[in-house]
Each structure stands twice: as structure tokens, then as C-alpha cells.
Amino acid sequence: MDIQFGNLTSLYWLWMVAAVVVVLGVAIVARHRALARFATANLLHRFAAKNGSKRYFVKSLLVVAAMIALIAALVDVRWGKVWREVPQRGIEVMFVLDVSRSMLAEDATPNRLQRAKQQIEDMTDAMAGDRVGLVVFSGDSRQMVPLTSHHHDFKKTLAEVGPHDIAVGGSRLGDALKMAAEGFLDETGNHQAIVVFTDGEDQESQPVKVAQQLHDERDIRIFTVGLGDMDQGARIPDTHSRRSFVEYQGEQVWSKMDGSTLKQVALEGGGAYIPAGTKQVAMDQVYHNYVEQVEEQDFETARINSYIPRFQWFVGAGLLLLVIDTLLPATARAPKPSLLSTRWFGKSTTAAAIAFCLLATNIAAAAPTESLVKQGNEALHAGDVETALSSYQEAAADDPNSPQLLYNQAVAQYRGGQLEAARHLFTQTLATGNKALDAKARYNLGNCDYAEAVQLAEKDKPAAIERLNSALGHYRNALAANGNDTDARANAQLAQMLIDQLQKEEQQDQQQQDQQQQDQQQQDQQQDQQQDQQQDQQQDQQQDQQQDQQQDQQQDQQQQDQQQQDQQQQDQQQQDQQQQDQQQQDQQQQDQQQQDQQQQDQQQQDQQQQDQQQQDQQQQDQQQQSAGGAQQNPEQEQPQDQEAQPNAAPQLGQEDAQATEEARPMTKEEAQKMLQAVRDRELMRRLQNQQENQRRYVPVERDW
């Protein structure tokens, strides 16, 4: 069984029980000693009842048990749970979030969509008792979270939404505003607000006209928060590929924030336009400065599951035990009380117990609230902020407008670091008009602003100075309500000192920034000069390289020309050499031919000489023969010889020539000459072919 103790501080009353037990024990011992001094043991029964000691012991036990029961009632023992209804008050806020693909642009860190989610969470943390809902849109609209006061569930759903929730691409803000208005429970919208987070892109859904209609007809106020860069914009990542971006007709798509549309929507919707852009914006301040100004309204009571108080049972048990103790006599026999009886104790103790019971009853009636407050105070002093806040909130369920409970909750929220929630509760405490808590609430409002300024001091000095000025105003108001508040006076001085310090640091930072800008400009100029020098050097190097290349090319060309000339010279020399060789061969052939011709002529002359010699020899022989015959018949034969002589000689010569031509074989020299002539003709033919080929030969440049 789950048991809860509502007021553990009441356990300190147990020391009274211990004291009563000691007193009763001392009284019983004193009674026995008195009886022993008054009479012997045999005469004691004459003066005191036989069972008197047991009755005193029983009556003492009844008193002690009654006191323990009453202390248990003060402790406020609880078990079992029951649902209880708690009234609520606040405003209704419907968040409209753009989940189109353009919200994935990374000009805001990490991207526009994640930045919008974080800003919605920051604004939700600043809400206390307000209802929130969520509508997402792109080419279509969808309600993700209906109006609810369970902020934890709202944040859980918010973290999971994205472009995958809407299948239709595009951006239709006007349709989303209509769906958000339909999500409100009441037709009257003086306590209703719509907060839009988008980059402003719209596709002919007429958001300005819709905003004007909702504000005029239903009194719904519309606030817009613009996300993204208005000047340069950013590319839209392609969800199907991590390294590419969305393209249209071969070109990348750049998305920019359309602040003009959002400004008109907020103007016609009776709200405000917050150009967040790519910067970090304190959405809690946006809520308190703008959205919180919407008129609050009482909501239906909330149901809380709380423990059931059981103190009545212990009060009844204690009263019953005291009644039994009163009805039980101290003795059984004696009609009159003996001299040594302790009725004084019985009457006085019973009366005291009854008075204590009545007091305990009154205390127990207020125990549920006071015990929770005490429990919260003890937990807060011990540093357990969550337990303290839980106790205060449970106590506030019975009295939600109690300024003390509001103040205690605010202190617990402040101790827990929830500055916006604490500021809201301190403001509610001021609204109750409790003068006793007015100065304290104003002082703690200053502390909230001061603590927030300390957090912002390193990140955003202008915002920190603004919060410090607000804190200084709260401290001065606290001093106006209570001039003796030394803490407020000291904190005001600290706030002023911190303002001066931050302003000085801001000036130094500005000077450093200016100096850095100057240094950066100088560095840029130096870099530009270096780049120019590098470019000049590169150009000089390129020119040198080009000149070197041209020189190399010229040298190569010269080498090629020289090689061609050398080749041509070699070819010419070869041709000249060949011509010389050919001429020498021709000359040799001519010389050889001349020699052969001379030899042939010489041979012919020799042959002719031989033939002539033979003819002469034959003639001589014939003459000799003719001379011998004439001597024998000189008269008869002389005329015949004279007639026959001219014919005889020629006939012999013809026959000899024919015989010589027909019978004489070719000599070796003739054969060699004939063979040499054939060789010469073959050599001449080859030379002619070679010369013909050389005339046809075209010299080609050598490939180097």
C-alpha cells in the first residue's frame, strides 16, 4: 500500500508522549512508595483498592494511545488516491509551423525548421496554465496536436514533425490559418492567439485576407515569426541525397525569407511581426511582451489524482480512547477516594488530553494545506526544489488564488532556475494585492531579471543591460513599498554596477570590434596586395615560361632546320658522290670501250696486215710459179697468162677470205670482250635506274 505523510514535522510532538510516559511512570512509583510509608503490606488493602495499580496502568496506556493517535492525525497520514477538480485560467495558443522543404535551408543553425522547433519550445516553457496546440502545413495543412495543457506531450510531438508529415509540396499559409482557427474550442477569440513560424513563402492562399477575416470576425490575434535570410537566402538540401540541392530546370533553387507578407499578416491579424531571421531570439520575452497580453479566461477545471487524507480516523480513535479513560474509574471498591489516590492525575490528565484532542482536531482540519506547505518549505530549505514545487502545487489545488502559495511556487521556480515561470508567478502574486508580499514579489522580480542578465552577460550584452534596467526598476519599486529593505537597496546598487561594467565592456568590445575591423581591413588590403604581387609574379613566371618555351621551340626549330640542312647536305653529298662514282664508272666504261675499240681496231689492223701479208705471200708464190712456166713456154703461154692473171688473183683472195670467215673460231679475247660488253650494258642499265630513282627521291625531315 502506497502511504504518504502530509506533515512530517508534526512527528516532533512525540516528545510529549515520551514526557507523559515518564510522568506516569514517576507517579506510579511515587504512589507505591507513599503506600509503603503509610502502612505495612498487610494493611495496604485497607487503604487502597485491591486492583488500583492495574487500573492506573490501563488508564495511563489509554492516555498515551490517545496522544499517539492525535499525533498521527497531525502528521496527516494518507493512502489511496482520488481524482480532484482544480480550476484553471489562461489563454489558448495555436502554433502554426511551416514544414515545407524550404524550411530545411541551413542559413539558420542547424536549419530553419529545427530553429523554429526550439523557439516554440522556449515559448512553451514560458507559459503557465495556457493551452497549446500545433498545426503543420506545406502544400496542405494538418492538425498534429489539439489544444491541451499537457506541455510535455506537446513537446514530444513537436520534436517528431517534419516534411514527411505532409505529402503535398508547396506552401499555403492561408489554409493553415483557417485550420488553426477551427482548432479553437470557443467561437469567441478574445483569449485566443495564433503564432506562425515560417519563412514567408506562399502560393496564392491569400494569408493576409484570411488573417484580417479571423481578427475582425472572431477577434483572434495572429503573431508571425520570420525565419531565414532576406538578402542572400540559402539553397534547399535535397532530402534524397545529402550532398546535393534542389534544382529547377537545371539550376539550384535559393530560398529567401519574405518578410513583407508576414508583416502584413501580423498587421491585419492584430498581432506583431518578429523578424527572427537567422539570429537567436529570446522567445520567452516575445511571449511576455506580446502574446501574454491576450486576455485570459477561465477554463474548465482540471482533474488531479491526489492522495486521500485519513486524519479523521486517528482523531476519532484518540477521542474514543480519552472517553474510555474518563469513564473508567480509578478504583473498583472504595466509595470515596483514598488519601493516597491519584485522582488529581486522572482528572487533570483527562482534561489535558481532551483539550489536546480539541486542539489537534482544529489543527488536523487545516493539516492538508499547512502540512503540504511545511513539507514544501522543508524540501526547499533542503535543496529539493522538485519536491517543494510538487507540495506547493498540490496545496494550491485547494486554494489556487492564495498569494502565499503563489509566492512559494514562484520562489521554488526561481530556485529551480525556471526564471520565466517564476516571473509569471511573482506577477500573479502582485495581482492579488497582498501588501505583505508586494515588496517581496517586486524584489524577487528584480532577482529574476538580474539572474537572466547574468546569463546573457557573456552572449548578448545589450539584452543583459536591458534586463538589468528592468531589475533596477523592480528593486526601486520594492524600496518604494518597503524603504527598510536593505537587500533590495544592495541589489539595486549591484545592478547599477553591473550595468556600468557591461556598458564599459560593450564599449571595449565595440572598440575591439572596430580595431578588429581595421585590422581585418588592413589584412584584407595586405592580402589583396599579396595576391596582386602573386598574380604579377605568376604573370612574370608565365611570361618567362612562355619565353623559355618560345626559345626552346626556336632552338628545336633551329636544330630541326640544322638537321634538315645537314640531311640535305648529306643527301647532296651522297648524290654528288653517286654522280662522281657514276661519272667515274662511265669514264671507266668509256675508257674500257675505247681500249676495247682500240684493241679491236688493232686486232683488225693486225688481221688485215696478216691478210695482206698472206696475200702478198700468195702473190709472190704465184709470181714465182709464173716465172718458172714462162721460162719453159715463153711465147705460147704469155698472152694467156696476161689475160688470166687479172682474174686469177682475185679469185684466190675471195676464196681465202671466205675460208677465213667460215673456218676461223672466236678467240678468247673476243669472247672476253663480248662478255665485258654485256656486263657494261648491264652496269649502264643499273646506273640509269639508280639515277632515275634519285631524281624521284624527295628528302623528308627527320623526326627528332
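Cβ coordinates are placed from backbone N, Cα and C, and glycine is handled just like the others.
Marked as transmembrane segment by TrEMBL: 12-30 (among others).
Annotated transmembrane segment per TrEMBL: 56-75 (among others), in sequence order.
Annotation comment: TrEMBL describes 369-402 as repeat 'TPR'. DSSP assignment over the repeat 'TPR' (369-402) gives 26 helix, 0 strand, 8 coil.
According to DSSP, the secondary structure content of the compositional bias 'Low complexity' (509-651) in residues is 139 helix, 0 strand, 4 coil. Annotation comment: TrEMBL describes 509-651 as compositional bias 'Low complexity'.
The annotation compositional bias 'Basic and acidic residues' is assigned in TrEMBL to 661-685 (among others). Beyond the ends of the compositional bias 'Basic and acidic residues' (661-685), by six or more residues, the same chain brings 585-586, 589, 592-593, 596, 599-600, 603 to within a C-beta distance below 8 angstroms of the stretch.
Per TrEMBL, the feature compositional bias 'Basic and acidic residues' maps to 693-704 (among others).
For the compositional bias 'Basic and acidic residues' (661-685), DSSP puts the residue distribution at 21 helix, 0 strand, 4 coil.
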